[in-house]
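K.L.:
Below are the C-alpha cells for one structure; questions will follow.
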C-alpha cells in the first residue's frame, strides 16, 4: 500500500499498531516502522498527527537499537565461548559444526 | 578451476551481455519479454537438435553432424521468431509504453538476437563453469591452462555474433537481401565448425578467425542498422 | 566469392572431422585423475581425539616426493609455494618426522601421502610402546597406567619396542596410503613433469597437486560426540561417531545342557577351562592391516587346540570329571582397550553370559577352573608362561607343557619358560586380572619380536607364509612324520602345529587325568588352510566347508579384522564363528537336511561340499564396551574402553594441476577489466545512440 495516499489518522493508527506489535519481542517490526514512517515524521509538512507519529518513530528506533546491540553482543559472546562452554553450549545450539569442538 | 578463475571467466563471458541488458533491455518490460521469448525459441531449437542426435544412433559420435543440424535448426527458429515478431508488431505497438521498440525495427532484432546469444553462451559455458568448482585447472592430461579463458572469450563472441546476426537476418528478410541471409547462415556454420578444432587444442586457430568474423559481422550489422562512417566520426567527436 | 570459399573450408572441416569419431568427455575428467588408496581416519576415546581429518571441502597440497631427509627440510624451512603434500616412503614415516610435519601446521603441510615403497623399511609399527597402556592390570587403584609395562623406562623392555605411537596422535592433515604401483607411478610422473624442476618459480606456475577428502564429523572426545549424536536438538539425526563394537565368538568343547529355568542354576557345578585369544587387529588406515603375526597366529593355535581336543576327547565320558568343559573364547576389539574381554568379564559379573536366549545356565567367574590366554606368539619356538604369582597350578601346567614340548618322541623343539610377576603382556587376560588379580590366569606369550605390530605391513610376508595347497583332508589329526615332505620344519604351519599340539596334549592330560600317549599331533594342513583363508582369500576350502552348502563363495580378499562399528562388515567374527562351529561340532548322520535347520543343529557343506548335519556349540557375544551401557558413565574414569570411530561421508584422493596465483589473478583481472570497459562503453553508446544510427534505411521508413 502507498502510505502517502492514506489519510493522516490512518497513518497514526498504523504507526501505533506497528509500535505496539514490536513489544511482542519483534524488533524487526520496529525497524520497519522506523523505515516506513521516517519520512512522514520528519520530512512532511506539519499536520496534527505528526507529533505523535514522530514520538512512535523515535521510540521504535531506540527499541531497534537496543535490540541490535543486545543481539550483536550475545552473538559475539556465544561464538567466542561456544567451545569453552561445552555441553551447555551444545544444548543451546540447533546446528553444531561438524569436525570441531 | 578455482574461485578467482570462475569469476574471471564469468565476467569475461557475461559481463558485456549483462551491461547490454542493464542499459538497453532492463528498463522496458516489452524488451524483457521478447528477450526471454527469443531464449525460449533457441531452447526449442536445441531440443530439436538433441532429438535428432538421439534418433540418429549411428551418427552420435560424429560431432560434425550434430553441429551442422544444430546450426540449421537455430536459423530456422530465428526465422520463426522473425515471422512472429513481425506479425505481432501491431499488438506490441498498442501495449508498449516506449514506442521506439516498434518504430525502429532493428531494436526488435537486436533484443531477440541478444536473447538467442545469451542462452546459447550459457549452454556453451555453464557445463564448463560447473566443473570449475574444484581446486584444479586444466592441464594434467593435456589441454592448456588457457582453456577456461578461451572458452569464456568464445562464449562472449557467440553472444555478440547472435546479436549481429539477428539484426542482419531480420533486415535481410525485410529487404529480400539473400546475400545477407546466406552470409548469416554461412558464418554461423563456419564459426560453429571452427570450434571443433578446440578438441585438438588449437585454441588460437579458433579464437582468432572467430573474432575476425565477429568484427566483420558487427560492421555489417552496424551498417544495416543505419550507422555510417560519418556517424561514427560524429559520435567520437561528440557533436 | 566469399561464401564459396567458406563452403570449401566447411567441407574440408567436415571431411577431417568425420574421419575421427569424437568421444564426449566431461571437462572435469580431463582435469582430475583419481588416486586409489586408504585413508587414515579419526578415532576418539574418553579424553582425546586421534587420527586425521581433512578440511571440510578436502585438503589440497602440492606434491613433493621425499626421498631423503633433506627433502623434508626443504619443505619445512623454505617452502616456495605452500601448502605441500609430501610423498613419504615407509622408512621416513617416523615419529620424529611426522611430529615435525604436524608442528609445521596445515598452512605448510596440508596432506601426507604414504607410498608403498618398502625397500628401505626396517620396522613399521604405529602402536604405543605399551599397547593398551591405560586399561591393563593396575598395581593399585590410584594409578592410571597399567603396572605391566613401563613406557617411560627402557624401551627394550616394553611390549612393542618398535612402536611409534602415531596411531594415538592427532594430525591436522589427512594421511593417505597408496599401495598400488599404478597409482604411485601416476603421482611420481605428475611430480616429475610439473613440479620437480626450478623450485624458485613454484609460486609462478601451475603445479601438480593432490586433494584428499577425508573429513571427519566427530571431534574432541567420545563424550562430546556421543552427546551430540544423542542430542535432542539434533533434528537431522546426523551421527557424529559410533562406538566401536563387534562380536566375540565362543564355543564349548561339549554342548551344554539346555535349562529352561536359567535364573536358578547360576553357579552350578560346571567347571570351565577357558582358552582364549583375540580376534581383531588394527592399523592406521581404513580397511588395511591383517595382523598376521600380531594376532592371527594366536587364533590359529586356538583353532587347532580346539580341533585336536575335539578329536581326542569326543565325548564327556572320557573325562575324569564329567562336569568339566572347555570354553574357547575369541575376543574382538582387544586392540582398543580390550573391548571384547572387558565386556565378557562385565557380562560374567552380571550373570549375563551366555545370553538368556541360549537357554543355558549363566556362567559366573566362580565356574572358571582356570584361564589360558594365548597372546602374541611372535616366535613360536620360544614361549613364556606368564602368571602374576607363582601358583601350584602354574607350576603344574608348565611342567606338563614342557613334558610334551621336550619329548623326543614328538621332537617339537619348543622352549617354554615361566615368567612370574607384573611384566604381563597386553592380552585379554589383563581384563580378568584387572577385575580380580587372584583369578587363575595363565598367559602364553613370546618375547615380542614383531617389528610391524598393528600396521599395514603385518601381513603374510611378515610371518613368511606360503600356501602349500596340499588338497588333502585337514580335518583329521596327522601322524608326526606325515607332513614332513610338505612343510619345512621351520615353516609357520609347523610352528603352529607344535604349539597347538603341546597345549592340546596338556589340556588332554588335565581333562582326562592321564598322559597323552598317542602318536597323532595337530594337522599342519589345517594351519595351512587357516592362514590361506585369513591372509589371502576368503574364497578358500576351510571357509567353504564351514558354510552351508549353497552359500555364496567369500570374496577374493582376506576378511577385514578391524573391529569397526555397528553395521561394519564383521567378516572375521562371522568366519571365525562358522569355522569354530564346524571344527568343534559333532556329526549327526541320523538327522536329515530338512530337520537340520534349528541351531544348535547346522547343515555344513563339509569337506567335500556334499553337506552334513552337525551339532554345534558356538555362539556370539556382543563386544561393545560396558561404558556405553552404564548410565551416566564417567568418561574420564578409565574403567572401561571408550573408543569411538568418527563418521565420514567420503574418503578419496585425486590429482590435478593447481593454478598458480599469478594465473588466477590474471584471469580475474581480465574479467574485471572486460566487465568495466563493457559497462562504460555500452553506457556511452546507449546514452547517445541516436547519433550513431541517424540514417534510418529505406526499409524502416516503410
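Cβ atoms are placed via backbone N, Cα and C, with glycine included.
No curator has checked TrEMBL annotations; they are predicted automatically.
Annotation comment: TrEMBL describes B:6-25, B:32-56, B:62-81, B:107-126, B:146-170, B:177-197, B:203-225 as transmembrane segment.
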K.L.:
With pairs restricted to those 6 or more apart in sequence, evaluate whether the transmembrane segment (B:107-126) and the transmembrane segment (B:177-197) have 3+ C-beta pairs under 8 Å.
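P.N.:
Result for the transmembrane segment (B:107-126) with the transmembrane segment (B:177-197) is no.
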K.L.:
Pairs 6 or more apart in sequence, C-beta under 8 angstroms, 3 or more of them: is that satisfied by the transmembrane segment (B:62-81) and the transmembrane segment (B:203-225)?
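P.N.:
Counting Cβ pairs under 8 Å (6 or more apart in sequence), the transmembrane segment (B:62-81) does not reach the transmembrane segment (B:203-225), since there are fewer than 3.
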K.L.:
Does the structure show the transmembrane segment (B:203-225) and the transmembrane segment (B:146-170) touching, where I'm treating 3 or more Cβ pairs under 8 angstroms (sequence separation 6 or more) as a contact?
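P.N.:
Checked: the transmembrane segment (B:203-225) vs the transmembrane segment (B:146-170), in contact.
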K.L.:
Using a Cβ cut-off under 8 Å, which residues of the same chain at least 6 positions beyond either end of the transmembrane segment (B:146-170) come close to it?
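P.N.:
Same-chain contacts beyond the ends: 1, 5, 8-10, 12-14, 16-17, 20, 75, 78-79, 82, 85, 105-106, 108-110, 112-114, 116-118, 120-121, 124-125, 128, 132, 137-139, 180-181, 183-184, 187-188, 191, 195, 198, 203, 206-207, 210-211, 213-214, 217-218, 220-221, 224-225.
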K.L.:
May I ask for the residues of the chain that lie six or more residues beyond the transmembrane segment (B:177-197) and have a Cβ under 8 Å from a Cβ within it?
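P.N.:
Same-chain residues near the transmembrane segment (B:177-197) but 6 or more away: 63-64, 67-68, 70-72, 74-75, 154, 157-158, 161, 165, 168-169, 171, 205-206, 209-210, 213, 217, 220, 224.
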